[in-house]
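Single-structure report; data block below.
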Amino acid sequence: MNNLERRYRALLRVLPRWYREDREEEMVGLFLVERTDELDLEHSWPGWGETWATLALAVRTRFAAVSAPARVVRQGEVVRWLGVLGLLLGLKFIVHAVYSEIFLRVTEEFVPPLQWVVFSNVSPLVALVLLVRGQRTWAKVVAGVVLLPWLFTVLTDPGPAGLASVLWQLPGLVAFVCLCLGFHQEAPTPDAKAMLWWGGGAVLVGGAELGAGWFGPIVLPAVVLAVRLWAYARGEVSLGRALSLFAVLFLPDAVANYLRLPGEWAASVLVAAALWVVSAAAPVRRASVLGSRLP
């Protein structure tokens, strides 16, 4: 085995084992078929084009939608659900932003938001529409660009406030990564009608939080737990697993809020944390992967 083949095989290790067992020798043969120069075989490396193509293939095979073992397809479904849940979480925050614009603008303490803040408020809706229309690359761009100002602020002004911001943004950050990984070119496009229902539910959750007063922190974890139970009853394994992971991501912020917020909020924040724990730990029914479909 020459050095070029050894380096290429090392690159192929980013692919899942089940795929390499079936395709590795074929891929190595095709890669080396026209590489006959001795110096080339001993001193060359796989090019950037080959490297990026292999990494893209690794994403498609590790988070597959078709032509893969059932557990791999289920893993891809979970990742795609997490990406969608992140966008739905953003729709909930749009309600909060609209409320601030309508009801707080008349107060003397109101400070008009910066333009990038306004764009970041509506970006989840834009990204979801683009995703439903099949323009997944642009959906990822829109979802990612709005994170840059926040990331710059956190990096340039670390401290307790920065840590609190990271904990608050953690579910959205992980969901963005899942959006990028899960919705590759072979992934299914979410159904527009189903997304309309899910989006409407997210808007209602945002409104309920605003009207619940001290019980506001309980609304989202209670809804997530309810959907978690619905997914369990229907055998929606991938959705149930995604909601469990989603609940885990909210736990650090719930604990931080319990330690940080005034005493009158302590009870509601504690109940919210308990609901997140139940959602995270509740069992997921074993079912066929065909029983859990991305809407």
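Here the Cβ of each residue, glycine as well, is placed from N, Cα and C on the backbone.
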> Of the ranges 114-131, 222-239, which one does TrEMBL list as transmembrane segment?
Replying inline: 114-131
> Residues of the same chain, at least six outside the transmembrane segment (265-284), with any C-beta under 8 angstroms of its C-beta?
Replying inline: 214-218, 220-222, 224-225, 228-229, 232, 237, 240-241, 243-248, 250-251, 254-255, 257-258
>> Same chain only, please: residues at least 6 beyond the ends of the transmembrane segment (138-155) with a C-beta under 8 Å from a C-beta of the stretch. Say none if there are none.
In response: 86-87, 116, 119-120, 123-124, 126-128, 130-131, 162, 165-166, 169, 172-173, 176, 179-180, 183
